[in-house]
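Straight from TrEMBL, the features:
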DOMAIN    104-489  domain 'PDEase'
BINDING   HIS181, ASN182, HIS183, THR184, HIS185, ASP222, ASP332, GLN383  AMP binding site
ACT_SITE  HIS181  active site, proton donor
BINDING   HIS185, HIS221, ASP222, ASP332  Zn(2+) 1 binding site
BINDING   ASP222  Zn(2+) 2 binding site
REGION    426-452  region 'Disordered'
REGION    480-505  region 'Disordered'
COMPBIAS  480-495  compositional bias 'Basic and acidic residues'
Amino acid sequence: MVQQLEVRDVDFDELKRNLEFTASLLEALYTNGTQPSFDVEDDLQIRSDVVPVEVRDWLASTFTQRVQPIRQRLEEKPKFRSIVHAVQAGIFVERIFRKAYSTAMPDQPAEVINCLRDLDRGNFDVFSLDAVSSGHSLKTLFIELIIKHHLNSRFKVPISCLMSFLCELERGYNKHTNAYHNHTHAADVTHTVHCLLLRTGVLYWLTELEVLACLFAAAIHDYEHTGNTNNFHIYTRWVRWSELAMIYNDRSVQESHHVSAAFRLLQDENTNIFMNLTRPEWIELRSLVIEMVLGTDMSCHVLQVKAMRSCLQQHECIDKPKALSLILHAADISHPAKPWSLHSRWTPRLMEEFFTQGDKEAELGLSISPLCDRNNTPVAQSQIAFMEFIVEPTFSLISDMSEKIVIPLIQDTTCSRYRSEFKSGTEVGTETGTEAGTEVGTEAGTEVGTETGQRGLQWTVADMVSFRSMWMRHTEENKNRWRDKVKNGVSHSDDSETQTGQDTA
Ligand SMILES: Nc1nc2c(ncn2[C@@H]2O[C@H](COP(=O)(O)O)[C@@H](O)[C@H]2O)c(=O)[nH]1
Ligand SMILES: [Zn+2]
């Protein structure tokens with residue numbers, strides 16, 4: 001606006017609308033900043049009637065991990081236009097953003113559009129998307145999901161920043177040319193998070209900011225992965241220096257790096273996709289993303305699963321960051337719960353990465369880590385064990401947790417604008433045939449939450465059943481495939497089917 005005034009190129013109607021929008025933003029900021037502080041009584045057992053509010057804020061910000069809201073003095077409250085104007089202006093700017101995206105986005109090749117039609121399905125083929133998008137599956141998918149969830153317009157994500165950020169992100173993923181931990185894995189996990197949120201119904205429990213945090217966390221969760229395990233970084237430092245282990249004091253070495261390096265990207269204004277978030281939004285998003293990405297450290301698995309199980313058993317309230325961390329963790333280990341055509345392509349990639357680490361360990365005169373010896377690893381048996389002891393319990397927990405979260409939402413017939421809007425562009429639970437498992441469509445469940453003038457929320461209990469039966473069916477089928485290999489004596493790393501990055505589908 002200032003630039004327009006400086007060059008005297010002013011459209012007064014547009015200027016007025018933009019000023020109104022600015023006022024609405026400031027008003028939102030003011031409202032956020034002056035909302036009552038969260039409860040610190042529980043954390044520190046402080047009695048609110050005897051402790052002044054400033055002291056409580058100080059205690060909360062210093063001695064708990066909660067984030068302090070920005071507090072403004074009351075007398076600073078400016079006078080703003082009516083909320084109706086603010087909303088109108090907001091809608092106007094959202095439209096401008098949508099238009100900017102459709103203009104700036106180059107036309108996608110027909111093959112890409114075709115691939116993206118399966119975006120809401122569990123059998124979505126990320127390898128095909130990577131092939132038809134010339135190796136840009138992460139970029140293509142992230143943009144698609146951001147638009148699909150209306151997050152680009154809601155959070156005013158500048159298209160140029162988004163493009164530059166995603167180029168850098170893909171570059172970082174390909175820095176170490178890993179067979180498994182590369183941009184395709186990031187695209188796969190991002191897609192799977194979207195699918196899990198949608199198919200479990202947890203999506204309808206979340207705010208738009210939380211959805212943004214989930215997709216962003218998934219996209220960056222292995223950024224600049226070195227292709228080695230954390231233990232490799234920690235235990236090889238006697239013979240080989242690991243900068244990351246030193247920086248992060250042996251704690252979640254890689255995960256700490258992924259999240260830190262990704263946030264560093266946002267420090268550059270050309271790649272800062274969150275430049276238009278308010279301060280409280282940014283703080284909340286950052287905190288969620290950090291917790292989710294650190295939760296992908298596999299050494300947290302047992303604790304994470306135990307904590308959520310006990311929360312469900314004791315009928316406690318489900319902590320959102322914990323639930324979302326579990327969803328990202330599940331997405332991260334989800335390929336064994338997908339059709340064999342996908343699982344059988346991920347396995348040799350992962351094994352090759354493990355074996356490359358084993359080669360390095362042998363070269364350094366160290367003992368070779370479990371599953372990293374290319375001449376002696378029982379791939380099939382290890383995959384069966386991974387499914388039985390890690391994947392199935394995690395997915396079972398996700399199903400139980402989602403039911404606990406979503407059933408009250410289904411019973412609550414006041415569905416939000418977001419839920420209805422999203423639903424009108426997405427069909428959940430209507431899959432049939434092999435993919436849908438029990439083949440239960442929306443008609444089988446209870447339709448709830450119909451609002452005048454909007455398509456009703458059609459998310460149903462049947463969809464939850466379908467989700468559970470689908471991952472169970474896939475893990476069972478995949479285990480049987482591996483069992484057959486054991487029976488036929490082709491279960492080791494020397495079996496050509498389980499060797500390096502070869503597509504076996
Ligand atoms: N033995 C197997 N381990 C697997 C498989 N898929 C994943 N994994 C392990 O989980 C982590 C995932 O975390 P990430 O953030 O590093 O991607 C991965 O490193 C493996 O250790 C599998 O099929 N078999
Ligand atoms: Zn991962």
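Cβ atoms are placed via backbone N, Cα and C, with glycine included.
All TrEMBL annotations are machine predictions without curation.
On a predicted model such as this, the values are computed, not experimentally measured, just so you know.
Features as recorded by TrEMBL, highlighted on the structure.
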| residue | record | contacts (Cβ under 8 Å, 6+ apart) |
| --- | --- | --- |
| HIS181 | AMP binding site | TYR173, ASP222, HIS225, GLY227, GLU353 |
| ASN182 | AMP binding site | TYR173, ASN174, HIS225 |
| HIS183 | AMP binding site | GLY135, SER137, LEU138, LEU169, GLU170, TYR173, ASN174 |
| THR184 | AMP binding site | VAL126, PHE127, ASP130, SER137, LEU138 |
| HIS185 | AMP binding site | TYR173, ASP222 |
| HIS221 | Zn(2+) 1 binding site | ALA186, VAL189, GLU255, HIS258, VAL259, MET292, VAL293, THR296, LEU328, ASP332 |
| GLN383 | AMP binding site | PRO336, THR347, ASN478, LYS479, TRP482 |
Which of these binding-site residues (HIS183, ASP222, ASP332, GLN383) have a C-beta closer than 6 Å to some atom of ligand 2?
ASP222, ASP332
State the residues, same chain only, that lie 6 or more residues beyond the ends of the compositional bias 'Basic and acidic residues' (480-495) and have a CB under 8 A from a CB inside it; answer 'none' if no residue qualifies.
340, 344, 351, 355, 373-381, 383-384
Which of these binding-site residues has the least crowded Cβ, counting other Cβ atoms within 10 Å: ASP222, ASP332?
ASP332
The mean pLDDT across the domain 'PDEase' (104-489) is 88
So which of ASN182, HIS183, ASP222, ASP332, listed as binding-site residues, have a Cβ under 6 Å from an atom of ligand 1?
ASP222, ASP332
Specify all same-chain residues, apart from the site residues HIS185, HIS221, ASP222, ASP332, whose Cβ lies within 8 angstroms of the center of the Cβ atoms of the Zn(2+) 1 site, ordered by sequence.
HIS181, ALA186, VAL189, ALA218, HIS225, THR296
